[in-house]
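Q: Structure provided below as structure tokens; questions to follow.
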Amino acid sequence: MTVANSESETPDAGYSRGLSARTVQMIAIGGAIGTGLFYGAGGAIEKAGPALILAYLVAGLAIFVIMRALGELLVYRPVSGSISEYAEEFMGRFAGFANGWTYWAVWATTCMAEITVAGVYIQRWWPGIPQWVTALAVLLILFAANLISVKIFGEAEFWFSMIKVTAIVGMIIIGIGVLLPIAGLGPESGPTVANLWNDGGFFPTGFSQALLSLQIVVFAYVGVELVGVTAGEAENPKVTLRKAINTLPFRIGLFYVGALIVILSIQGWRNYHKGESPFVAVFEYLNIPQAANIVNFILLTAALSSCNSGIYSTGRMVRSLAQRGDAPVGLQSLSSRHVPMLAICFSALAMGIGVFVNWLSPDKAFAYITSVSTIGIIFVWGSILVSHLIYRKRVAAGELPASDYRLPGAPVTNFLALAFLALVVVLLFFTEDGRTAILVGLVWFAIVVLGYFVHHGEPVQREKQDA
């Protein structure tokens with residue numbers, strides 16, 4: 001049974017405030033930790049060496065600015081679908097439409113990619129099962145969990161995040177023990193902090209390669225903005241979301257910079273390679289039993305976490321779009337369990353395309369379906385910064401109330417973060433995958449523009465007639 005929203009209801013009417021402060025904190029942490037650190041960092045280390053630490057730090061500072069800008073907007077008006085809502089309020093109807101559907105596409109394609117790699121991780125243990133079968137099973141299980149209640153989503157994400165955090169903290173603690181050194185932990189010689197600079201210096205492959213690594217690094221942070229989507233279902237959102245965003249610098253410092261310092265101190269940068277998890281390399285070097293299986297389990301958890309978040313966020317975004325007339329009106333309905341059932345079904349059906357791509361071309365599926373998310377997330381992050389700039393101008397003009405949770409250094413920090421995002425786009429032109437992402441992104445935005453005019457042509461005419 002579903003219940004439709006009336007026009008008099010607020011955008012979040014009908015949602016259940018089922019996400020506790022504890023859960024939102026872990027969603028924020030989980031959003032900042034993905035397969036990019038556990039798996040993708042190997043190729044980035046091979047490309048940039050120890051300079052990758054600096055790349056993660058610089059990107060992390062830009063992400064912190066973006067999140068504080070989002071946090072200020074959330075305290076001003078906490079709402080589910082916030083990213084698209086703010087784009088429409090401050091940048092216009094088309095901006096809200098483009099932002100909402102692009103964010104939906106980012107998470108839909110991310111989930112497609114994650115169910116693809118989940119199939120790869122499961123095949124390690126059961127090689128006889130076709131990859132598309134495991135991908136479909138993962139999608140159906142997470143789809144069903146999201147339909148039950150928001151609390152089920154929150155609990156699942158809490159434990160997924162807990163596993164990822166435990167793995168990173170455990171590796172850092174063991175690594176520090178090896179570096180001190182503590183007897184019995186790792187080899188007696190080899191691990192040393194000097195590994196950060198004693199093989200070609202801190203920039204062993206050159207500054208240009210360190211710069212190019214930014215395009216890899218920045219996408220490891222995709223998901224940090226997910227905390228904004230929880231605004232409509234978080235307990236006491238103005239307090240809860242503020243606390244979650246305030247912990248971001250610590251999370252970036254510990255989980256990315258801290259982990260990489262330990263990884264690159266235990267072994268020199270030449271021991272890490274593309275397609276190999278640096279966590280596996282470290283655990284095997286330290287003779288930890290079943291290292292590959294342990295990391296495979298962590299990678300599977302990270303993939304499940306990302307897809308779980310994707311189903312959640314796309315469902316809420318589609319409902320927000322439907323409420324504003326930017327998606328079919330029927331998709332705004334809620335089930336008796338207070339979840340946007342039809343919006344989730346719509347998104348899961350689109351994600352099912354990923355299973356078809358798996359069957360069609362399992363070796364190339366990951367590359368095919370992640371291109372939209374590459375350029376799309378830059379657009380979304382940029383819109384947050386621009387929305388915040390316009391919000392601040394309206395506050396200064398006395399048109400809107402000021403938020404008591406403010407982005408430090410604005411508007412200068414806004415422009416610096418926007419310049420950083422522009423730099424990442426420029427860097428994409430220097431790699432084949434980056435150029436593919438830009439091409440696919442341009443095609444996507446052409447579809448968005450066409451969709452806007454097709455969808456809104458008749459309603460706009462009616463509005464003019466009514467006037």
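Just so you know, the numbers here start at 1 and follow the chain as drawn.
Glycine residues also receive a Cβ, built from the backbone N, Cα and C atoms like all the rest.
Any TrEMBL annotation is an automated prediction that lacks curation.
Pulled these features from TrEMBL for this protein:
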type: DOMAIN; residues: 24-462; note: domain 'Amino acid permease/ SLC12A'
type: TRANSMEM; residues: 26-45; note: transmembrane segment
type: TRANSMEM; residues: 51-70; note: transmembrane segment
type: TRANSMEM; residues: 101-123; note: transmembrane segment
type: TRANSMEM; residues: 129-153; note: transmembrane segment
type: TRANSMEM; residues: 165-186; note: transmembrane segment
type: TRANSMEM; residues: 206-227; note: transmembrane segment
type: TRANSMEM; residues: 248-269; note: transmembrane segment
type: TRANSMEM; residues: 339-360; note: transmembrane segment
type: TRANSMEM; residues: 366-391; note: transmembrane segment
type: TRANSMEM; residues: 412-430; note: transmembrane segment
type: TRANSMEM; residues: 436-454; note: transmembrane segment
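For the listed features, I'd like the structural context: burial, neighbours, distances.
A: Same-chain residues lying 6+ beyond the ends of the transmembrane segment (26-45) with a Cβ under 8 Å from its Cβ atoms: 19, 52, 55, 114, 117, 154, 157-158, 160-162, 164-165, 167-168, 213, 216-217, 219-227, 230, 244-245, 247-248, 251-252, 255-256, 259-260, 263-264, 269, 272-279, 281, 295, 298-299, 302-303, 305-306, 309.
If one looks beyond the transmembrane segment (129-153) by at least 6 residues along the same chain, the residues whose Cβ comes under 8 Å of a Cβ in the stretch are 15-16, 18-19, 111, 115-116, 118-120, 122-123, 233, 303-304, 307-308, 311-312, 315, 335, 337-339, 341, 344, 348, 351-352, 354-356, 358-359, 362.
Same-chain neighbours of the transmembrane segment (165-186): 26, 29, 33, 37-38, 192-193, 254-255, 258-259, 262-263, 265-266, 279, 282-283, 285-288, 294-295, 298, counting only residues six or more beyond its ends whose CB sits under 8 Å from a CB of the stretch.
Non-local neighbours of the transmembrane segment (206-227) in the same chain are 24, 27-28, 30-32, 34, 36-37, 40-41, 43-44, 47-49, 51-52, 54-56, 58-60, 62-63, 66-67, 70, 83, 106, 110, 241, 244-245, 248, 256, 306, 309, 313, 373-374, 377-378, 380-381, 384, 423-424, 427-428, 430-431, 434; each lies 6+ residues outside the stretch with a CB under 8 Å from one of its CB atoms.
Sequence-distant contacts of the transmembrane segment (248-269), counting only residues of its own chain at least 6 positions beyond either end whose CB sits under 8 Å from a CB of the stretch, comprise 28-29, 32-33, 37, 41, 45-46, 49-50, 52-53, 56-57, 60, 63-64, 67, 165, 168-169, 171-172, 175-176, 178-179, 186, 190-193, 195-196, 198-199, 204, 220, 224, 278-279, 281-282, 285-286.
Only residues 6 or more beyond the boundaries of the transmembrane segment (412-430), in the same chain, are considered here, and those with a CB under 8 A from a CB of the stretch are 58-59, 62, 65-66, 69, 211-212, 214-215, 218, 374-375, 378, 381-382, 385-386, 388-389, 437-438.
Counting only same-chain residues 6+ beyond the ends of the transmembrane segment (436-454), those with a CB under 8 A from a CB of the stretch are 94, 97-98, 101-102, 105, 367, 371-372, 374-376, 379, 425, 428-429.
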Q: Return the average pLDDT for the domain 'Amino acid permease/ SLC12A' (24-462) as a whole number.
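A: Across the residues of the domain 'Amino acid permease/ SLC12A' (24-462) the model's pLDDT averages 88 on the 0 to 100 scale.
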Q: Sort out the residues at least 6 away from either end of the transmembrane segment (51-70), same chain, that have Cβ-Cβ distances under 8 Å to it, and list them.
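A: Distant contacts of the transmembrane segment (51-70): 41, 44-45, 82-83, 196, 202-205, 207, 209-210, 213-214, 217-218, 220-221, 224-225, 227-228, 245, 248-249, 252-253, 256-257, 260-261, 264, 381, 384-385, 387-388, 407-408, 410, 413-414, 416-417, 420-421.
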